[in-house]
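Asks: One structure follows; several queries about it will come next.
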Amino acid sequence: MFNTLDDLDPEQRVLVRLDLNSPVEDGEVQDNRRFDRHAETVRELAEGGHRVVLMAHQGRPGGDDFVSLEQHAAILAEHVGHDVQFVADTFGDEAIDAIESLSAGEILLLENTRMCDEELPEEAPEVKADTEFVQTLAPLFDAYINDAYSAAHRSHASLVGFALELPAYAGRVMQTEYEANSAIATREFDGQVTMVVGGTKATDVIDVMNNLGDKVDRFLLGGIAGELFLRAAGHDVGFDLDGMDFFDDQWEANRETIESLLDERGDQITLAADLAYEDDDERAEIAVSDIDEKDRAYLDVGTETVETYDPVIRDSEAVFVKGALGLFEDERFSAGTVGVLRAISETDCFSVVGGGDTSRAIEMYGMDEEDFGHVSIAGGAYIRALTGAPLAGVEALTQD
Ligand SMILES: Nc1ncnc2c1ncn2[C@@H]1O[C@H](COP(=O)(O)OP(=O)(O)O)[C@@H](O)[C@H]1O
Ligand SMILES: O=C(OP(=O)(O)O)[C@H](O)COP(=O)(O)O
């Protein structure tokens, strides 16, 4: 298996990959569990006398949440309890100067890795290791630490390239999440296993639903993923309106898989019977069977759907959640997500709630993390792990 911080020599110059990818509202980065969890790794390294340089990404190029990591440094500093310096550069002269001026016990966060052209797209570790980005930074360090379990399903330079150039270690978050999610992957359940599938990154979930189908008895759908399934079932939902980019690309990419899932596993899949939308600033609802025009955005599943999903969850022995059923950050559209989470928290089923965004709903609506089996800060990576599929970032750490 991989080396951990227990195997690290003292007083090293360490390059650490975190996943601080967070919701951004009106340009403001929202604090969430990812900061809190990664702060433990960062504090341990700084207090251990290492020189700590951090890398992370935020958003995807072109998106509203593709912003600088300056705010992340300030939020992280609060959680770590130590100053976190920031440099608005990934691997240029400014970044190199800042790295070289660091003293033992100091922490520096580099700029959003995705502002560097070579970070994306996904390529083999050997190709990523050969980039100017990796070749410039690696010689400045003694060790590479990957703590970004939740991004480990992406074969990007900062996640797979450095492990080939430097002695590589897993950080505390990587270690804990890996152990928890691998244990879940091999666990057998006697009763019904249910998976709630929603969120915006439909491609991540739909991709693995086929493989999860033998492990999961019932899929309850909502969010963007749910609308794409409704579209495949012939309803006028699940398409982009002006200024939206949730649906059409993901529809093109997943249409065949969705159609064959509905065909072959239709009896395992439950789709929303009604949806909620905004009307005159209020929440309004409509039965899916009454939708006959492509004229509005749907922001939550409806009340009847919540009433159908609730007893399914209460009858389950295990429930996995990946993605929110609606735009829960707006209370008017939180009923689906909160309904599902509350049902889980009130029963003693084994449960995992995944996703940096989705897991925020737990404290936002006054539920207690203790009432869930495992709250993962990973979304796409955790469901992939449930299928037993390898994660590129973990594999890179385990190479000799
Ligand atoms: N119908 C919808 N319209 C807009 N946003 C939605 C809708 N349904 C779910 N969401 C959003 O999905 C987000 C979570 O999805 P995603 O980013 O895929 O998951 P995570 O980061 O938790 O893995 C939530 O922040 C929620 O606001
Ligand atoms: O937030 C993340 O994944 P998640 O939404 O599946 O939890 C990771 O940071 C990966 O981000 P990406 O899906 O833009 O590659």
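Cβ atoms are placed via backbone N, Cα and C, with glycine included.
Automatic prediction, not curation, is the source of TrEMBL annotations.
Given the structure is predicted, the values throughout are model-derived calculations rather than measurements.
Under the heading substrate binding site, TrEMBL lists Asp19, Leu20, Asn21, Arg34, His57, Gln58, Gly59, Arg60, Arg114, Arg154. As annotated by TrEMBL, ATP binding site applies to Glu329, Gly355, Gly356, Asp357, Thr358.
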Asks: If we count other C-beta atoms within 10 Å, could you say which of the binding-site residues Gly59, Gly355, Gly356 has the fewest?
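Replies: Least crowded of the binding-site residues Gly59, Gly355, Gly356, by Cβ count within 10 Å, is Gly59.
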Asks: Which binding-site residues of Asp19, Asn21, Arg114, Gly355, Gly356, Thr358 contact ligand 2 in the sense of C-beta under 6 Å?
Replies: Asp19, Asn21, Gly355, Gly356
Asks: What subset of the binding-site residues Glu329, Gly355, Gly356, Asp357, Thr358 lies within 10 angstroms of His57 (substrate binding site), using C-alpha positions?
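Replies: Qualifying among Glu329, Gly355, Gly356, Asp357, Thr358: none.
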Asks: Out of the binding-site residues Asp19, Gly59, Arg114, give me the one sitting nearest to Gly355 (ATP binding site) by CA distance.
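Replies: It is Asp19, whose Cα lies nearest.
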Asks: According to DSSP, which of helix, strand or coil covers Glu329 (ATP binding site)?
Replies: coil
Asks: Which binding-site residues from the set Asn21, His57, Gly356, Asp357, Thr358 come near ligand 1, judged by a Cβ under 6 Å from any of its atoms?
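Replies: So the answer is Gly356, Asp357, Thr358.
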Asks: What is the nearest of the binding-site residues Asp19, Asn21, Gly59, Arg114 to Asp357 (ATP binding site), using the Cα of each?
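Replies: Checking each of Asp19, Asn21, Gly59, Arg114 against Asp357 (ATP binding site), the shortest Cα distance is to Asn21.
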Asks: Pick the one among the binding-site residues Asp19, Glu329, Asp357 whose Cβ has the fewest other Cβ atoms within 10 Å in this structure.
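Replies: Glu329, out of the binding-site residues Asp19, Glu329, Asp357, has the fewest neighbouring Cβ atoms within 10 Å.
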Asks: I need the CA-to-CA distance for Glu329 (ATP binding site) versus Asp19 (substrate binding site), whole Å please.
Replies: 21
Asks: For the binding-site residues His57, Arg114, which one has the sparsest Cβ surroundings, going by other Cβ atoms within 10 Å?
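Replies: Candidates: the binding-site residues His57, Arg114. Fewest Cβ atoms within 10 Å: Arg114.
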Asks: Would you count the other CB atoms within 10 A of the CB of Thr358 (ATP binding site), including those on all shown protein chains?
Replies: 24
Asks: If you draw a 10 Å sphere on the Cβ of Asn21 (substrate binding site), how many other Cβ atoms land inside?
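Replies: There are 25 of them.
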